[in-house]
Amino acid sequence: QDLPGNDNSTATLCLGHHAVPNGTIVKTITDDQIEVTNATELVQSSSTGKICNNPHRILDGRDCTLIDALLGDPHCDVFQDETWDLFVERSNAFSNCYPYDVPDYASLRSLVASSGTLEFITEGFTWTGVTQNGGSNACKRGPASGFFSRLNWLTKSGSTYPVLNVTMPNNDNFDKLYIWGVHHPSTNQEQTNLYVQASGRVTVSTRRSQQTIIPNIGSRPWVRGQSSRISIYWTIVKPGDVLVINSNGNLIAPRGYFKMRTGKSSVMRSDAPIDTCVSECITPNGSIPNDKPFQNVNKITYGACPKYVKQNTLKLATGMRNVPEKQTRGLFGAIAGFIENGWEGMIDGWYGFRHQNSEGTGQAADLKSTQAAIDQINGKLNRVIEKTNEKFHQIEKEFSEVEGRIQDLEKYVEDTKIDLWSYNADVLVALENQHTIDLTDSEMNKLFEKTRRQLRENAEDMGNGCFKIYHKCDNACIESIRNGTYDHDIYRDEALNNRFQIKGVELKSGYKDWILWISFAISCFLLCAVLLGFIMWACQRGNIRCNICI
């Protein structure tokens with residue numbers, strides 16, 4: 001007798017998900033190494049090697065630092081009244097005027113950089129009884145001696161240097177930045193030759209602040225033929241406030257003010273060339289794409305940039321758990337469902353069906369469950385980017401040698417932040433990967449349960465992701481199962497009849513040895529019971545005598 005399962009009265013339907021021969025290893029909360037069909041790299045580890053000039057306005061400092069451009073060094077006159085989003089300082093920048101220092105260099109540089117402009121307004125300061133527009137051979141403007149264009153070097157007039165007391169109110173509705181300085185002669189002779197008094201003094205005040213500087217006379221290392229120095233200071237005058245300058249010598253006076261603006265402009269040291277291209281994120285190494293949430297190119301950034309982390313790679317799962325086929329089976333060489341392994345031949349969807357019936361074999365993707373999984377995964381990368389991208393910039397931190405402890409503390413804080421973000425990145429990606437794998441597994445289980453509920457008693461779960469259908473199920477029937485229109489009542493009687501026939505045949509053929517052994521055991525038991533009963537009967541009648549001795 002032929003098995004009903006081997007003729008046209010049954011069919012096999014398997015459910016599965018796609019797989020690839022070589023997947024990608026990702027990390028989850030529960031597993032450091034789990035293979036998925038697809039993953040996206042989250043760490044940007046290289047730059048373009050050039051700084052893009054769009055959408056940010058990049059100002060190339062060339063051979064000028066920002067402070068030299070601010071003061072008006074003769075070789076930096078081209079930067080007068082310039083504006084920028086990012087001022088790029090080059091390693092070959094140099095000063096070519098009177099040697100100077102800025103006691104609070106980092107603060108002034110940061111203040112001017114964030115303002116994003118060198119717009120300068122000249123004001124009519126009145127300096128009575130002194131000689132203005134001093135110059136030096138150390139600061140050539142053309143063939144003649146010159147000086148910083150934004151500063152006015154005041155020296156004695158004749159043999160006198162009167163006490164200067166000048167006020168300048170701020171009647172505008174914006175902050176004004178005044179740059180001024182104090183000259184430190186190299187000798188007492190130079191001091192009296194320039195300012196008459198043996199010791200000068202400069203006091204600059206507003207209602208909110210006051211600075212008093214006394215020159216330090218003494219020789220310093222020679223720079224551009226000078227052993228004297230100028231110290232540069234700065235004062236911000238708020239609207240309605242008044243600038244007061246008082247001095248009896250050594251004053252390097254302002255010629256006007258810089259108009260301060262609030263913004264997100266900045267300055268960066270870089271030797272990367274500036275090119276015509278588009279990039280939101282800039283590092284000293286060059287521009288980098290910001291389509292990833294993390295980067296390990298450089299800690300210093302400008303613009304909307306990925307978060308800096310220590311890791312070289314972090315992969316976000318964008319596909320399901322990968323279970324490659326264990327061997328080449330052919331389409332139905334050894335039919336198996338998702339519980340055993342994935343299907344490497346399925347390219348038109350993530351989930352699908354394979355069937356074998358009287359009309360042959362076939363395969364089709366389930367687009368609904370595939371789309372449901374893809375929709376949930378697609379937004380993951382954008383959400384991670386939104387959580388991590390810097391909306392502003394991470395500026396360079398600079399401190400003088402005196403502020404070494406502050407610098408050490410700042411470095412410790414920055415390193416701690418990087419460690420924290422690197423750890424957060426690991427956890428965030430592991431959580432997202434765990435969620436991706438769980439949801440793709442869930443969609444597979446949902447599809448399997450949906451199919452089980454349709455087939456009911458008309459089919460049997462084979463335990464490997466497949467169903468044995470106990471009725472004739474042609475391609476139209478298979479399609480109705482896939483699209484959810486299958487009516488199990490139509491096939492119920494046929495399925496029950498075939499199931500009983502198949503189970504009966506399986507019982508006769510598959511369990512014959514078991515039945516024989518069970519029958520033999522029962523026969524032996526009955527024989528022993530009859531023999532024991534006969535002995536007891538005979539003992540009662542006296543035909544058999546049994547003596548028990550102790």
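Heads up, the Cβ atoms here are built off N, Cα and C, so glycines get one too.
These numbers come from a predicted model, not from an experiment.
For Cys52-Cys277, Cys64-Cys76, Cys97-Cys139, Cys281-Cys305, Cys473-Cys477, the entry in Swiss-Prot reads disulfide bond, with the evidence type sequence analysis. Per Swiss-Prot, the feature N-linked glycosylation site maps to Asn8, Asn22, Asn38, Asn165, Asn285, Asn483; the stated evidence is sequence analysis. The annotation S-palmitoyl cysteine is assigned in Swiss-Prot to Cys539, Cys546, Cys549 on the grounds of sequence analysis. Taken from Swiss-Prot, the feature topological domain 'Extracellular' applies to 1-514. Swiss-Prot lists 536-550 with the feature topological domain 'Cytoplasmic'. Feature annotation from Swiss-Prot assigns transmembrane segment to 515-535.
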Q) Which residues does Asn22 (N-linked glycosylation site) neighbour through Cβ under 8 Å, counting only same-chain ones at least six apart? A) Pro324
Q: Out of Cys64, Cys76, Cys139, Cys277, Cys539, give me whichever of these recorded positions has the highest number of other Cβ atoms within 10 Å.
A: Cys76
Q) Which one of these glycosylation sites, Asn8, Asn285, has the sparsest Cβ neighbourhood, judged by other Cβ atoms within 10 angstroms? A) Asn8
(Q) Looking at the recorded positions listed here (Asn8, Cys64, Asn285, Asn483, Cys539), whose Cα lies nearest to that of Asn165 (N-linked glycosylation site)? (A) Cys64
Q. Considering the disulfide-bonded residues Cys281, Cys305, which residue's Cβ sits among the greatest number of other Cβ atoms within 10 Å?
A. Cys305
Q.
Using only C-alpha positions, which one of Asn8, Cys52, Cys76, Cys473, Cys539 is spatially nearest Asn285 (N-linked glycosylation site)? These are the recorded positions in the record.
A. Cys52
Q) Secondary structure at Cys139 (disulfide bond) (DSSP, helix/strand/coil)? A) strand
**Q.** Stretch-averaged pLDDT - the topological domain 'Cytoplasmic' (536-550)
**A.** 64
Q. So for Asn483 (N-linked glycosylation site), how many other CB atoms are inside 10 Å of its CB?
A. 11
Q. Going along the chain, which residues six or more apart from Cys97 (disulfide bond) have their CB under 8 A from its CB?
A. Asp68, Leu71, Asp73, Pro74, Ala138, Cys139, Gly146, Phe147, Phe148
Q. Cα of Cys305 (disulfide bond) to Cα of Cys477 (disulfide bond): how many Å, rounded?
A. 55
**Q.** Distance, Cys477 (disulfide bond) to Cys539 (S-palmitoyl cysteine) (CA atoms, angstrom)
**A.** 73
**Q.** Spatial neighbours of Asn38 (N-linked glycosylation site) that are distant in sequence (at least 6 apart) but have CB under 8 A
**A.** Val20, Gly23, Thr24, Ala317, Thr318, Gly319
